[in-house]
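**Q** Below you will find the structure I want to go over with you.
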């Protein structure tokens, strides 16, 4: 297989984005646009990738250094384009960093949805020292370089929109910005570029006419899916590509048998915090209601049901579990697990380290963080469990909390099996509630309690008969 080097154009400012963030670092599906393109390079098993930076170069280069999640073993290098004098000028900056043999593929850092199969077909079209262009036909080609063909349909040149005459502007086949070039020819063609055009820039597309003049065959690999070569220049375009990408992911899930209530209201994203790729693994008969967002790696077991507007990140939901609407499950880096047949929510929050056993119930406005709940444990209303180990069949009352933080350090609470915690209790860690014990409602527990006993720690009730409320003083 011919050695493959890749140049990624990532120097643009993206003025229309109206953002301080460089355009190629705007996020699609939770991942910077540039990371999507680096993933394309990885899919081609590139030997070397050269990223051409300019606006926000320091940020862009740092973001690339944190792109390990894209896969691939390529050698990553950076070059600066300062000033920015066109696409040809950008590639001129990159060529000294290339090996000089094989094939060079030029990609755009703001074109995130090009499929690996499309790029492989482009490289194949460029086999045998040909110049290969990725093209597409558009109903409105305004702004794009037109593919000008000669007799027999052979590609003769690319004319940029601003330099095209009326006849050329009527052409609907356009250049995508992606090409595969024989490396040994590239440097010579770049040396012949001029900026004698309407924009006063060095156009990379001018090498097409040079190839024709030099007798090098030019192949155009034309695709029918314009989304694969769509770039991002504005928030509206970014939103359009986001929805297109999410629709494609939803369609793939439905092909596997997942029931999506509305595929237009489904999101699967990378987790920017943990770096986990957006991935959802579903067993049979999984149901997902509208408006759900999944980030990082999520597993849904057989028959799991996810209610409307849930956000689930880096978590495993086991078979038969039901997550009711508006629940937030966030495993971040340590993960979260919901056991078989568990009932979660609505409006529940599971934070990193939440590990729930079979048939656990976590109800509305209950928060669980870094805690394990054994099979059959229940916390149904308005409660907090942090840094706790909860035994089987525990019933944890409404309004109860574990006070796990002393202002400097976290401490654990152990609630053994078959304990009943009354409403509005405070368990001040470190503390252990013995198996089978009961804690009376309203208690503040600061010491370990014995198994099987009743523990009450609250002020004694006083009732005053015939008590009269104070009368309001007259105004005046």
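Here the Cβ of each residue, glycine as well, is placed from N, Cα and C on the backbone.
Among the features that Swiss-Prot reports, UDP-N-acetyl-alpha-D-glucosamine binding site is placed at 23, 81, 86, 87, 108, 109, 110, 145, 160, 233, 351, 369, 384, 395, with the record citing sequence analysis. Under the heading Mg(2+) binding site, Swiss-Prot lists 110, 233. If you look up Swiss-Prot, you'll see 257-476 marked as region 'N-acetyltransferase'. For 381, the entry in Swiss-Prot reads active site, proton acceptor, with the evidence type sequence analysis.
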**Q** Determine the Cβ neighbour count for residue 381 (active site, proton acceptor): the number of other Cβ atoms within 10 Å of its Cβ.
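**A** Around the Cβ of residue 381 (active site, proton acceptor), 15 other Cβ atoms lie within 10 Å.
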**Q** Counting Cβ neighbours within 10 Å across all chains shown, tell me which of the binding-site residues 108, 233 comes out on top.
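**A** Most Cβ neighbours within 10 Å: 108.
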**Q** Roughly how many Å separate the Cα of residue 110 (UDP-N-acetyl-alpha-D-glucosamine binding site) from that of residue 233 (Mg(2+) binding site), to the nearest whole number?
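**A** With distance taken Cα to Cα, residue 233 (Mg(2+) binding site) is 8 Å from residue 110 (UDP-N-acetyl-alpha-D-glucosamine binding site).
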**Q** Within 10 Å of each Cβ, count the other Cβ atoms, then let me know which of the binding-site residues 110, 160 comes out lowest.
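**A** Lowest Cβ count within 10 Å among the binding-site residues (110, 160) is 160.
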**Q** Please report the three-state DSSP label of residue 23 (UDP-N-acetyl-alpha-D-glucosamine binding site).
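**A** DSSP assigns residue 23 (UDP-N-acetyl-alpha-D-glucosamine binding site) to helix.
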**Q** Can you tell which of 23, 351 has the least company, meaning the fewest other C-beta atoms within 10 angstroms of its C-beta, among these binding-site residues?
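**A** Among the binding-site residues 23, 351, the sparsest Cβ neighbourhood within 10 Å belongs to 351.
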**Q** What is the number of other Cβ atoms found within 10 Å of the Cβ of residue 384 (UDP-N-acetyl-alpha-D-glucosamine binding site)?
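**A** Other Cβ atoms found within 10 Å: 21.
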**Q** Just checking a number: largest C-alpha distance across 23, 81, 86, 87, 108, 109, 110, 145, 160, 233, 351, 369, 384, 395 for the UDP-N-acetyl-alpha-D-glucosamine site, rounded to a whole Å.
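**A** That value is 71 Å for the farthest Cα pair.
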**Q** At the level of the C-alpha atoms, what whole-angstrom distance separates residue 351 (UDP-N-acetyl-alpha-D-glucosamine binding site) and residue 233 (Mg(2+) binding site)?
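**A** A Cα-Cα distance of 36 Å.
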